[in-house]
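In what follows, a structure is listed as structure tokens, so that the remarks can point back to it.
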Amino acid sequence: MASVLVSAQTMAVLTAASFFLLLSISQQARAVNYTFMRDAVHAPRLASYDYIIIGGGTAGCPLAATLSERSRVLLLERGGSPYEDGRVLSMLHFSDVLADTSASSPSQRFVSEDGVINSRPRVLGGGSCINAGFFTRAGAGYVRARGWDRREVLAAYRWVEDVVAFQPALGPWQAAVRRGLLETGVLPDNGFTYDHIPGTKVGGSIFDADGRRHTAADLLRYANPDGIDLFLRARVARILFRYKGSKPVARGVVYRDSQGNTHVAYLNRGAGNEVILSAGALGSPQQLMLSGIGPAAHLRSLGIDVVLDLPGVGQGMSDNPMNAIYVPSPSPVEVSLIQVVGITRFGSYIEGASGANWNSHPSGTQPPPTPRSFGMFAPQTGQLATVPPMQRTPEAIARAVEAMSQVPDAALRGGFILEKVLGPQSTGHLALRSLDPDDNPSVRFNYFAHPDDLRRCVAGISAIERVIRSRAFARFTYPNFAFPAVLNVTADFPVNTLFRRGGGGGDTRALEQFCRDTVMTIWHYHGGCHVGRVVDHDYKVLGVDALRVIDGSTFNASPGTNPQATVMMLGRYMGVKLLKERMMMEGPGRENP
């Protein structure tokens, strides 16, 4: 009897503990046990589905979850699960993921032809697993310009926000940035909001109060387990086509698992069944080209059979340029990623990122027994490397880390205030380097090629100076603060591989040259499959049946101040729209899978 009582008490304690654990980590624990998620080595060699989605990223996860409500869906993700890697889900290890350059890393590093170091996701959940976590909706004008239904858009945002978005608690640095923006005229004070409206606001975050990341992969909790197969480490080789007259029609995909085995998935017969690309701004145009859709001359130069000459594929690539001012502080600075944003009326967004000596641990706790990390600007991530990309060997990175570890703590106590450009107006292009879908394509963004982008950067840097000089920010600046000296210190940070022209030493650089010299990415690149050039307004690939692209590659400008919320929304929004269309075609009689 006593043992039964003890067992009952133990069970009660365990049940209560489990309940509170579930509260603290939302749906993450359930997400680990998705019954429909398997490694691609366990996939059938031949199968058929209503929808085949290439890319389990920020758009692909909500899209697949939605379509599974009424259809048989195959979701193919080239990376692994975020629930397998504790670094992905922890804000404390944000830079560690970006620094991992192994073949199995959730982050795949690339360097644009502009010389700026960047990363693309290689993990279920996509960019939401490796970014800085800021969550904000697109502006009303952006929604109108794309012809989206406002009510359906709002419903889709809320569907996403119920799972992945949180209100952050501001520390002293972030609060000072907010007050400084308001003091210097970035008005009104919009408080906490997901909406994109001019003024100063606290935005949402996909990091909860415990610093745990919630990603697009969590949205698969909405999926019908009987309606979806999700295969990890599934590398799509090409899309298969048949022809209706002279028009190509997508009919399936060929993909390979991690052991090199080949698998084929076909679309079921019937109207409305489709292959959908959701592989992101690099992956979707790359996959179209590898499958024979793109600029014919480029494809033929690589020996690819041309299915359709579509010159717009890979064109219009953009990346919102970011420039940052390092502010040495006499006061301790908390670790934080992006929480506050000043949405100016001159087309620049002002944000802050901070770190107590850039150690990856919250203020008030002991640092982990690992080398210091400098967050978004760490040598480990490539954003603060002292050697060109081709020379960034593990040994070179180790030397850079060691050199930074010798810098006195007081010299590194501070934070960065960031400026990034709306749009942007500058565009570039993407091209294949090889026939290997795992290889990074060649991409050029042409940062600051358009004069409006440069003008906005200069205005943004000037706005940062006003914030730093504000009374609200006085706690975090030294007496006799000299902004030109700070510019020179920041300009000497080797944040990219561009050759630096202009003044050196103690000379103050012109703000335009400062913008060019210190440009970085904040991972908001987009384009390559623009609406009107590659897809229509329903995201159907022009000149092809049964093939769509639904992700950020279709954007000609970044929505809001961070695209991830809108990319997740788009997956849900288009999923609902496709289901409605399917119900109209099939009638109410079809049973769910």
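Positions of Cβ are set from backbone N, Cα and C atoms, glycine also.
Here's what TrEMBL has on this protein:
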BINDING   Val123, Val236, Trp523, His524, Gly552, Pro563, Gln564  FAD binding site
DISULFID  Cys457-Cys515  disulfide bond
DOMAIN    49-321  domain 'Glucose-methanol-choline oxidoreductase N-terminal'
DOMAIN    424-571  domain 'Glucose-methanol-choline oxidoreductase C-terminal'
SIGNAL    1-31  signal peptide
**Set of same-chain residues at least 6 away whose C-beta sits under 8 angstroms from Gly552 (FAD binding site)** = Thr58, Ala59, Gly280, Ala281, His526, Pro563, Val567
**Cβ-Cβ neighbours of Pro563 (FAD binding site) (radius 10 Å)** = 26
**Request:** Mind tallying the domain 'Glucose-methanol-choline oxidoreductase C-terminal' (424-571) by DSSP state, helix then strand then coil?
**Result:** 52 helix, 18 strand, 78 coil
**Request:** To the nearest whole angstrom, state the Cα distance for the pair Val236 (FAD binding site) and Cys515 (disulfide bond).
**Result:** 39
**Message:** I need the CA-to-CA distance for Val123 (FAD binding site) versus Cys515 (disulfide bond), whole Å please.
**Reply:** 32
**Prompt:** Which whole number of Å gives the largest C-alpha distance between any two of Val123, Val236, Trp523, His524, Gly552, Pro563, Gln564, the residues noted as binding FAD?
**Reply:** 25
**Request:** Name, in the order they occur in the sequence, the residues of the same chain whose CB lies under 8 A from the CB of Cys515 (disulfide bond) and which sit 6 or more residues away.
**Result:** Pro321, Asn323, Phe448, Leu454, Cys457, Val458, Ile461
**Asked** Val123 (FAD binding site) has how many other Cβ neighbours within 10 Å of its own Cβ?
**Response** 29
**Asked** CB neighbours of Trp523 (FAD binding site) within 10 A?
**Response** 22
**Message:** These are the recorded positions: Val236, Cys457. Which one scores highest on other Cβ atoms within 10 Å?
**Reply:** Cys457
**Request:** Write out the long-range same-chain contacts of Gln564 (FAD binding site), meaning residues 6 or more apart in sequence whose Cβ is under 8 Å from its Cβ.
**Result:** Thr58, Gly127, Ser128, Asn131, Phe134, Phe135, Ile206, Ala216
